Amino acid sequence: MYIISSKNMLLKAQRQSYAVPAFNIHNLETMQVVVETAAELRSPLILAGTPGTYSYAGTGNVVAIARDLAKKWDLPLALHLDHHEDLADITRKVQAGIRSVMIDGSHSPFEENVALVKSVVELSHRYDASVEAELGRLGGVEDDLVVDAKDALYTNPEQAREFVARTGIDSLAVAIGTAHGLYTAEPKLDFERLAAIRDCVDVPLVLHGASGLPDSDIRRAISLGVCKVNVATELKIAFSDALKAYFLENPGANDPRHYMKPAKAAMKEVVRKVIHVCGCEGQL
């Protein structure tokens, strides 16, 4: 079984004080590079897709490609639903073989968030799928969701304790000052808050918006309980910058088998760096 739940890999990371990287995928090349590099480094791996990614590529196609790559590289991996909000959509995707779910009800009032998350937990656990939920809101842009900085709310540690207990989630995404997309100013993470959250809950913690963070901040967050680190924008920038540079040098190029090579090489360097920072190399 090559498409697995992320629950056990995150619990192992929690016990051994490293983090599992979750790379957002957008096309075939992204999936190829991420799986190949993780396999070479014997790193646990989560492939994450937003609703927009699954809509763009087709859920069945994503599942089939992920399964084929995992088998080719002998790398069991978690295929993850990132920032999903609709129960019916989640149900279809879990039934299609996906075993890792992030239900995002962070835009809703607390009681509504709890109710939605509980319903997703009840569904997902019937299929042995793990569930991540977010408490608090990150600023920035993720897929079609835009959260202004003034609307971003940090996670309350005591509320996190209640949230985890009432929902039965397997991991908790925390808001401590990160943001989706590119940072317009130097991020200042609330590590004191993160430590307090860790002391209030026993599930692995998740850090969204890691692209652009200093390596030292990521390592410190891992030391304070973060077991899953999400990376999206950094991969997209590496991919697109390499493509742009190739076409500037080769304006007549038209063969994707050629111009995708430098783009894949650029992404590979990002994946290697993230795995190194997460401390998960050789943890399979």
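Cβ coordinates are placed from backbone N, Cα and C, and glycine is handled just like the others.
Record features (Swiss-Prot):
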{"type": "ACT_SITE", "residues": "ASP82", "note": "active site, proton donor"}
{"type": "BINDING", "residues": "HIS83, HIS180, HIS208", "note": "Zn(2+) binding site"}
{"type": "BINDING", "residues": "GLY181, GLY209, ALA210, SER211, ASN230, VAL231, ALA232, THR233", "note": "dihydroxyacetone phosphate binding site"}
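When the CA atoms are compared, the recorded positions lying within 10 A of ALA232 (dihydroxyacetone phosphate binding site) are HIS208, out of the candidates ASP82, HIS83, HIS208. Ranked by Cβ neighbours within 10 A across all protein chains shown, the binding-site residues HIS83, HIS208 are led by HIS208. Nearest Cα neighbour of THR233 (dihydroxyacetone phosphate binding site) among the listed recorded positions (ASP82, HIS83, HIS208): HIS208. DSSP assigns ASP82 (active site, proton donor) to a strand. Taking the binding-site residues VAL231, ALA232 in turn, the residue surrounded by the fewest other Cβ atoms inside 10 Å of its Cβ turns out to be ALA232.
In this structure, the binding-site residues under consideration are SER211, ASN230, THR233, and the one with the smallest number of other Cβ atoms within 10 Å of its Cβ is THR233.
Put simply, HIS208 is the one of the binding-site residues HIS208, GLY209, SER211 whose Cα lies nearest to the Cα of the residue listed as 'active site, proton donor'. Spacing of GLY209 (dihydroxyacetone phosphate binding site) relative to HIS83 (Zn(2+) binding site) is 12 Å (Cα to Cα, whole number).
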